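In Swiss-Prot this protein carries:
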- 1-25: signal peptide (SIGNAL)
- 106: N-linked glycosylation site (CARBOHYD)
- 163: N-linked glycosylation site (CARBOHYD)
- 236: N-linked glycosylation site (CARBOHYD)
- 255: N-linked glycosylation site (CARBOHYD)
- 269: N-linked glycosylation site (CARBOHYD)
- 281-300: region 'Disordered' (REGION)
- 337: N-linked glycosylation site (CARBOHYD)
- 352-418: disulfide bond (DISULFID)
- 381-450: disulfide bond (DISULFID)
- 385-452: disulfide bond (DISULFID)
């Protein structure tokens with residue numbers, strides 16, 4: 001009988017010891033489920049708020065990157081660009097932007113967008129003659145749906161790329177003949193004759209070349225300005241050897257078969273609010289204009305010059321007397337608490353300042369369409385604002401007034417908050433859904449200074 005009693009006692013002790021462990025484990029799993037459910041609900045609520053926004057109001061409410069986020073976990077582009085075209089745009093990005101992704105300050109041009117389009121349709125019209133240096137005449141169709149109404153053309157270029165870099169031992173003059181064709185017409189409309197533009201360019205192929213740029217701004221500017229969605233052109237590219245200066249070039253053959261179909265480069269200025277406008281940084285705001293009477297050197301006071309001079313002298317004497325009387329007074333009253341006096345000038349330990357927040361676009365699953373930069377540091381402002389906001393924050397007088405109201409009159413009025421005061425732009429190289437490549441500069445993407453407001 002003693003043995004069963006001992007066994008029963010041992011079993012009860014064991015159950016008592018194990019019971020708290022089971023209780024502790026169950027709440028931990030429950031808390032984890034609650035946290036996960038809360039995170040999912042928060043994310044779903046955020047997405048629902050974004051989806052209910054009208055498309056017409058999105059650009060004013062959401063940042064440029066959130067506009068992309070709104071489009072719904074953006075899928076990879078339907079079409080991938082050519083490797084040579086992508087290599088060219090990466091080279092352009094390095095020339096225009098720093099490693100951190102901000103536009104270089106030494107650039108003086110006014111465009112903030114560069115788009116590269118590959119032809120959506122092409123076919124050869126006539127065979128070429130390699131011995132004569134004539135390439136096959138090519139019909140090209142470019143779709144410009146990605147060009148928005150707020151983007152204005154500065155320059156357009158036909159970009160020829162090579163499979164491998166090539167070089168010639170003698171100078172070569174290349175002539176590009178470009179014919180812009182009208183779209184297909186219905187039977188009711190009368191077709192207009194195509195208009196032709198011929199460009200003469202001389203290239204010195206002494207060095208290795210991977211691409212050739214031909215300026216075609218003149219024929220394309222009216223088409224882009226009228227928002228043509230499709231541009232149909234015929235291109236004929238001919239290179240002539242300089243046989244007078246180099247007789248040995250007479251019997252040599254051109255190796256121009258490596259020249260591929262051209263891409264179309266559009267240098268644009270995006271005038272929207274989200275785009276970075278370099279003109280404002282090159283031309284800072286002017287100071288307020290003076291009064292017309294002040295410009296002419298006249299006094300704004302209705303009195304005569306002598307009376308005005310007397311007023312200034314009397315005011316100067318009063319200022320001197322007030323300063324001397326203030327100097328005679330004791331600096332601090334005897335009953336004044338120095339610790340309380342200096343406390344208002346002390347900055348808090350966690351004072352308002354900039355903090356880094358480095359992320360990579362692969363974390364957001366955006367690296368399938370954002371080519372550069374690979375990492376992004378938007379930075380943010382965090383911390384407490386001091387009672388007496390000094391010049392270091394550049395805060396307005398309104399901030400000090402709000403502090404006084406909060407402490408003396410109404411504590412429900414919030415204290416000044418730590419917020420960004422200045423920003424810098426961000427350069428982004430991205431692949432569009434149609435396979436085109438876009439270099440864009442976005443305004444106010446990186447916080448550079450904090451303030452209390």
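Glycine is no exception: its Cβ is also placed from the backbone N, Cα and C atoms.
This view paints the features noted in Swiss-Prot onto the structure.
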{"residue": "106", "record": "N-linked glycosylation site", "Cβ neighbours (10 Å)": "5"}
{"residue": "236", "record": "N-linked glycosylation site", "Cβ neighbours (10 Å)": "18"}
{"residue": "269", "record": "N-linked glycosylation site", "Cβ neighbours (10 Å)": "18"}
{"residue": "352", "record": "disulfide bond", "Cβ neighbours (10 Å)": "23"}
{"residue": "381", "record": "disulfide bond", "Cβ neighbours (10 Å)": "18"}
{"residue": "385", "record": "disulfide bond", "Cβ neighbours (10 Å)": "24"}
{"residue": "418", "record": "disulfide bond", "Cβ neighbours (10 Å)": "22"}
{"residue": "450", "record": "disulfide bond", "Cβ neighbours (10 Å)": "24"}
{"residue": "452", "record": "disulfide bond", "Cβ neighbours (10 Å)": "27"}
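Within 10 Å (C-alpha to C-alpha) of residue 385 (disulfide bond) lie the following recorded positions from 106, 236, 352, 418: 352, 418. Secondary structure at residue 352 (disulfide bond), taken from DSSP and collapsed to helix, strand or coil, is coil.
Within 10 Å of residue 452 (disulfide bond), counting C-alpha to C-alpha distances, fall the following of the recorded positions 106, 236, 352, 418: 352, 418. Note: the CA-CA distance between residue 450 (disulfide bond) and residue 418 (disulfide bond) rounds to 7 Å. Residue 352 (disulfide bond) and residue 381 (disulfide bond) have their C-alpha atoms 7 Å apart, to the nearest angstrom.
Proximity note: of the listed recorded positions (106, 236, 269, 418), 418 have a CA within 10 Å of the CA of residue 381 (disulfide bond), given in sequence order.
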